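Read through the structure below, which is laid out as structure tokens, and then see the notes.
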Amino acid sequence: MASGKDRAEDIDFEEEDDQFITEDDILQEVQDDGDHPMDEDDEEEEARDTLGDMEEGSSGHVEDISLQHFDTHGASVFAVACHPTQPLAASGGEDDLGYIWDITDSEIIAKLTGHTDSVTSAAWSADGELISTGGMDGKIRIWRRVGKENYRTWEFLTELQGPDEVMFLRWHPKGSVLLAGSNDSTLWLWQLPSGNTMQVFAGHIGPVNCGEFTPDGKRIISADQEGSLIFWDPRSSTPVFKLGADDARFNLDGITSIGVNPSSTLAVVGGAAGGVRVISLSKGEIVSTLGGHTEGESVEAVTFVDLSGTGTGNTGPGVAVTGATDGKACIWDLSTMRLRATLQHEDAITTLLAHPSPKSYLLVSASADKTLRTWDARNGTLLRTHTGHRAAVLGASLGLEGSVIVSAGDDGLCMVFTTEEEEQ
């Protein structure tokens with residue numbers, strides 16, 4: 001925007017017919033209402049608002065269809081997780097803070113302090129009694145519910161130390177066991193509420209970008225930035241098997257995402273250069289290469305959808321969805337290794353979420369294009385575009401049995417949307 005000085009120089013002042021206001025021209029005196037000149041903060045805020053409007057195009061209007069906003073972070077929100085049963089979300093951001101908040105009215109239930117750098121992970125235990133936050137400071141902090149009456153009171157339990165920078169947090173699907181990947185190539189396993197270290201897995205050669213418990217809870221799979229994939233028995237520090245970039249068929253230019261099918265038999269591995277591999281977990285070998293993404297674009301998310309909607313689709317190879325920075329979400333039938341459908345965003349996909357039964361055929365994608373979208377994965381139909389964010393959507397989580405999506409935005413906002421399709 002031009003400064004006042006610049007604008008003044010642009011104006012062509014006509015000096016010939018000087019016109020002055022006389023007292024006769026005054027219709028009414030308006031009292032000064034104490035409207036003070038803008039200070040620098042106000043000017044910066046107005047400039048941000050103006051730029052925000054300009055980013056949206058000529059109209060400057062984005063339809064906000066969210067039910068609720070949570071704006072307390074005030075800076076980028078990197079992580080959000082919905083409670084397994086309650087109308088609560090936990091979020092973490094660039095402000096070095098986490099919050100537990102009520103998704104119905106945005107009331108703060110607990111402020112999760114103690115981090116000295118960005119909070120990049122937030123995860124609830126399977127029973128919803130514990131919440132963990134992980135940060136770029138290497139700290140993992142745990143809070144627990146107080147009492148059994150409600151979920152409104154939380155207390156700090158313990159801080160887990162060991163990792164350099166926390167890359168991800170995952171709770172065991174049934175027990176109070178927490179898995180964390182570190183930037184320093186280590187993988188950590190703790191027992192809660194004691195906080196005892198159960199295992200430190202060594203074997204990776206780069207930052208451990210992603211990891212999961214298998215859905216049956218019996219094994220752990222993890223992968224690093226240098227392209228190594230390791231399958232672990234949690235009771236042993238020795239890998240069950242390891243695949244590395246030295247195998248030309250498995251060279252993915254670094255691994256950025258992993259998903260394991262519901263029957264815990266296959267892993268889908270996404271790479272930094274757009275490659276996708278399907279791995280047999282019983283044999284420890286590559287069974288397929290999937291080629292739907294643009295070369296050079298990173299595969300950022302993997303999930304599995306049950307197209308039956310009844311929970312019966314959890315026995316066979318399954319249907320996988322991969323999302324990448326090319327804006328594509330590819331739906332794969334792993335029984336045939338064929339591409340069923342390709343879904344499209346206008347910018348990178350950051351998160352993919354599969355609905356629980358009975359609508360397990362619904363898929364939610366979040367994107368750097370500032371939107372989230374709900375799709376019918378059976379036929380690739382777009383059911384709803386969730387708008388309201390003014391910057392990239394960095395994360396999302398499904399709550400209340402899949403009836404709401406809670407998003408985390410680079411604009412400093414968390415938003416709550418309903419997943420139900422619009423009435424025809």
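Even glycines carry a Cβ here, placed using N, Cα and C.
Where the annotation comes from TrEMBL, it is an automatic prediction and has not been curated.
For reference, TrEMBL has these:
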type	residues	note
COMPBIAS	1-10	compositional bias 'Basic and acidic residues'
COMPBIAS	11-56	compositional bias 'Acidic residues'
REGION	1-59	region 'Disordered'
REPEAT	70-111	repeat 'WD'
REPEAT	112-143	repeat 'WD'
REPEAT	164-200	repeat 'WD'
REPEAT	201-242	repeat 'WD'
REPEAT	342-385	repeat 'WD'
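A mean pLDDT of 98 is what the model gives for the repeat 'WD' (70-111). Counting same-chain residues at least six beyond the ends of the repeat 'WD' (164-200), those with a Cβ under 8 angstroms from any Cβ of the stretch are 120-127, 129-130, 132, 134-140, 142, 144, 157-158, 206-213, 215-217, 220, 222, 224, 232, 234-235, 237. Applying DSSP to the repeat 'WD' (201-242) sorts its residues as follows: 0 helix, 17 strand, 25 coil. The list of residues near the repeat 'WD' (112-143) in space but at least 6 beyond its ends in sequence, with Cβ under 8 angstroms from a Cβ of it, reads 76, 78-86, 90-94, 96-100, 151, 154-176, 178, 180, 182, 190, 192-193, 195. Residue counts for the repeat 'WD' (342-385) under DSSP, helix first, then strand, then coil, are 0 helix, 25 strand, 19 coil.
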